[in-house]
Amino acid sequence: MSSPLSQAFAQNFLGHSPRWYKLTVLAFLLLNPLLLWLAGPVTSAWVLVGEFIFTLAMALKCYPLQPGGLLVLEALLLGLATPEALYAELQHNFPVLLLLMFMVAGIYFMKDLLLLLFSRLLLGVRSKALLSLLFCLLAALLSAFLDALTVTAVVISVAVAFFAVYHRVASGQRASEDYDPATDRQVPELHRAHLEEFRAFLRSLLMHAAVGTALGGVCTLVGEPQNLLIGHEAGWHFVEFFRQVAPVSMPVLAAGLLTCVLLEKSRRFGYGAQLPAAVRQVLAEYAASESRKRGAQQKAALLVQALAALVLIVGLALHVAEVGLIGLLVIVLITAFTGVTDEHQIGRAFQEALPFTALLVVFFAVVAVIHQQHLFTPIIQAVLALPAERQPGMLFIANGLLSAISDNVFVATIYITEVKQALDAGHMSREHFDTLAVAINTGTNLPSVATPNGQAAFLFLLTSSIAPLVRLSYGRMVWMALPYTLVMGGLGWWAVSHWL
């Protein structure tokens, strides 16, 4: 019989993850040294990559930082990579770490302005097809200049606030302190139909906005973290990155927006729900009340945020400094001129990005293993052995399939560094490298909307507080994303294969 202490260790290991998941991770850790001894470092390294992808695919069971971190720690101890190689990877990708540390935090301080923008949109437009199109387009536009995670967080904040307002009224708990929006027990039958329609309405808007972040995120250097990785390797600044990717990103953006309208008109794949008139009236009264409460200080803060957004866009377009440093500039400007000087208030802005920043360091440790064991060299050589006109399309497919089940930052890092090594070795022209870089960028960004695992914004939406409130499950997200996946993936592949 096991002792209480050993039971406590077992319960503490990976927290609330399922028992089968804990045992699987332990099995990986026990298998790797044995495999290294029996099969050698290359086979062992391939298995490690597969194990790490498994932890990414199971991100809803346990955040990948802990199991993935244990795996790469073991890899370093086994000599599959060296700490020096990991440090070299981190130095090489320091601009990406700066982006995650400061740009995401900088946009956090613009949330009030963005919340106001989306709230006005939700109540000001009565046509559901037009509203969905505007949500998708606005999310795309904001993600092109800001950060997809933060844009998604803003849309979630709007949805949570409005859902809670109506749910509280529908359940008759306007003044109740122990109000719980997650339960419908106190919602009378009279309001249940409106509540379910409102849930479907919010689900569709959330999905349109999430897809919009992918449509806009692929277009620019700062739209997604992997874009900065690719742009850094290719030596592209903001305007040059946009120009290189535009032959693929612009047609896909147009097709994605058209898909948005068609889905609302056809009412297929869970789209098309309308905002009930009774719900609109409650939300409009709430918005008017909030507007009346907004004093001179709050209005001044909104003006500062708008000016900081303008500084951000101009700074990015002119590339006055590294992207992360521009994010730090935004933090300083907004906090200084809105009176946010408390250390704990400022610290909240960094909570969202730092766990992912730590996970990115683990990514780079796996990349160091791949480099030191030359794992992807045969694959890249096989692609480069194809006729030049077939290479971009094949890279798009290879990136897309892996990005749909894994993390697109991880996938992009592997492929762009391998292709850059081939360029440095003289195996391709600079022009062809640029074409392959676009294929890698679009391949990791577009088909990855297929599952919540592929896009950080999708995973963030699925694990957020709004998902259970509007009944947005993993399977429902995959189903609602399917038409977008087919259109964006199919047209993206065609554009990469024929228009570059």
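Keep in mind that glycine also has a Cβ here, set from the backbone N, Cα and C atoms.
Features of the protein shown, as given by Swiss-Prot:
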| type | residues | note |
| --- | --- | --- |
| TRANSMEM | 28-50 | transmembrane segment |
| TRANSMEM | 68-88 | transmembrane segment |
| TRANSMEM | 98-118 | transmembrane segment |
| TRANSMEM | 121-141 | transmembrane segment |
| TRANSMEM | 145-165 | transmembrane segment |
| TRANSMEM | 205-225 | transmembrane segment |
| TRANSMEM | 244-264 | transmembrane segment |
| TRANSMEM | 311-331 | transmembrane segment |
| TRANSMEM | 350-370 | transmembrane segment |
| TRANSMEM | 394-414 | transmembrane segment |
| TRANSMEM | 449-469 | transmembrane segment |
| TRANSMEM | 477-497 | transmembrane segment |
Is the transmembrane segment (449-469) in contact with the transmembrane segment (98-118), using at least 3 Cβ pairs under 8 Å (sequence separation of 6 or more) as the test?
no
Have the transmembrane segment (121-141) and the transmembrane segment (449-469) got at least three CB pairs under 8 Å, pairs 6 or more apart in sequence?
no
Relative to the transmembrane segment (394-414), which of 68-88, 145-165, 205-225, 244-264 accounts for the most Cβ pairs at distances under 8 Å?
205-225
Which sequence-distant residues neighbour the transmembrane segment (28-50)? Criterion: at least 6 residues beyond either end, Cβ under 8 Å.
70-72, 74-75, 78-80, 366, 369-370, 373-375
Give residue numbers and ranges for long-range contacts of the transmembrane segment (205-225): same chain, 6 or more residues beyond its ends, CB-CB under 8 A.
96, 99-100, 103, 122, 131-132, 135-148, 151-152, 155-156, 159, 231, 236-238, 241-242, 245-246, 248-250, 252-253, 256-257, 260, 270-271, 316, 323, 360, 408-409, 441-442, 445-446, 448-449, 455-458, 461, 466, 470, 472, 477, 480-481, 484, 488
Any chance the transmembrane segment (449-469) and the transmembrane segment (311-331) are in contact, meaning at least three CB pairs closer than 8 A with a sequence separation of 6+?
no
For the transmembrane segment (477-497), which stretch among 68-88, 145-165, 244-264, 311-331, 350-370 has the most Cβ pairs under 8 A?
244-264
